[in-house]
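What Swiss-Prot records for this protein:
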| type | residues | note |
| --- | --- | --- |
| DOMAIN | 26-139 | domain 'Expansin-like EG45' |
| CARBOHYD | Asn117 | N-linked glycosylation site |
| CARBOHYD | Asn365 | N-linked glycosylation site |
| COMPBIAS | 414-431 | compositional bias 'Low complexity' |
| CARBOHYD | Asn454 | N-linked glycosylation site |
| TRANSMEM | 465-485 | transmembrane segment |
Amino acid sequence: MRISIILLSLLFLSLHSLIKADITKLSVCGSARAVPTATQNPKPTCVNVNSQGIPTAGLNSAAFDNGVRCGQCYELTGPLGKTVVMVADVCDAGSACTQSDLFNFIIPNEEFDKIGNRSDYGNIFSLCYQIVSCGYSGNVQGVFTGPSSSPNTFTYFLSVVFSNNNVAIKKVLIKGLSWPLYESLTGQNGNWKWNKNSYELQFPATLYITSNTGETITYKMNSRPITNQPIDLDFQFNPKAISSLENNECSMALLPQYIYQDGLSYGWVDSQSFNYAKFTDKSSDTKSGSGTCINAQLDGHGGVKFTREGDFQTSYLDKLSFDIKTSADSSSFAVYFGDVATKNIDPLVASTWTTVELSVKSLTNNTVEGSITFFNNQADPINIWLDNIKWTYTDDAPLDQPTMDLIEVNNKPSTTSGTGTTSSKPSSSSGGVSGGGIGSESSIYGLSSENQENQSGHHASSNTNILLPTTFVFFISITILSLLF
């Protein structure tokens, strides 16, 4: 009976570690792009990713930022729904990967199909992303190594790879026996390394670990850690829910204000325009006399059609305005979403430049659309010029959506019972993430009782719990229990 109870306990613990906790929203909604991929790198750039069922994603080089987002989870919102992915790799080939204007997520086909329609398009240009916790219920794991010549010693060199962390880690400090100061570890792609700067590393030693949300943990190593095996570090980052974000449900990203102004805005194409004798989006015959506009010689029932891959949301669009002139006055000109013209616009379009403003609601829009068309709704041909095509937003539109900003929230949750006590924070005069990412040189941090902060921190000691794979323990437990009962 005692053996059965022990095995049942083991089974419960295995199941518990498999269950994901609820995710916590950690940022405002940002504007990004997503593309699908059929294959993923079997050896991703991030060395610390242990996704445990969370789909992995790549990021463009600028957003990846030397690996500062390795292991960070993001909730992505497209026209068909949401999915959560974890950053594991970087892409550096092609314009989408080398641009530095916005986040570009490369996600598995099956995840893209949850949020978009891969059979219709290969990009989502109005993707919304939000930083979230990864929802791990177990503890952070660490794999320690020493120098390659002597991997079990740490006197001059120490490397540690953290995994299973709820949020990405932005800074790691270490303080050895008799050291007066903390020294920083250099982070790259999820691997944190310390090289001897002024003191040899002797134990006990303490690691001071800070997440991207500002939560801090001190981990004391009473003796040399076991190398090359995952160790349960007996702590987990638990970012506190932020009241202003709790009800912040992200929809698709807000459209750029202009569809066309001296050129098409990012994500818009006019290649599906139809029934025309001549078409250019670089005409110099503009209203202002400078820049460019669109000029199309439309046949009867021809149209200038602007499409956006991955669709777009109309909820925050109030009005559509544009400058137009035609070769002849016409009362048979329509503007419409989708594929069917509903009614002609008012006022009459004329042979002189006119600014037209239309209510988006009057265009009989759906919540999500994929195109908007300027249509010659008659049998006779007409020559048209279009310029300055833009949206006016509703009052509640999220106008401040970040694109490439570091938008992690400086989250400082209170220490909860059972997780340790508040620790003093080393002076953070340099190092960590600051605009350009993590510095390549070690920095020295003073530890002064006069400069203590009320930064949240928790203590954990190195009991050196070596981890067996969760699934292995789980199936062994099931097998033994089936034999016993």
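Every residue gets a Cβ built from N, Cα and C, even glycine.
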Glycosylation sites compared (Asn117, Asn365) - highest count of Cβ atoms within 10 Å: Asn365
Average pLDDT across the domain 'Expansin-like EG45' (26-139), rounded to a whole number: 93
Between Asn117 (N-linked glycosylation site) and Asn365 (N-linked glycosylation site), the C-alpha gap once rounded to whole angstrom: 20
Number of helical, extended and coil residues in the domain 'Expansin-like EG45' (26-139), per DSSP: 18 helix, 45 strand, 51 coil
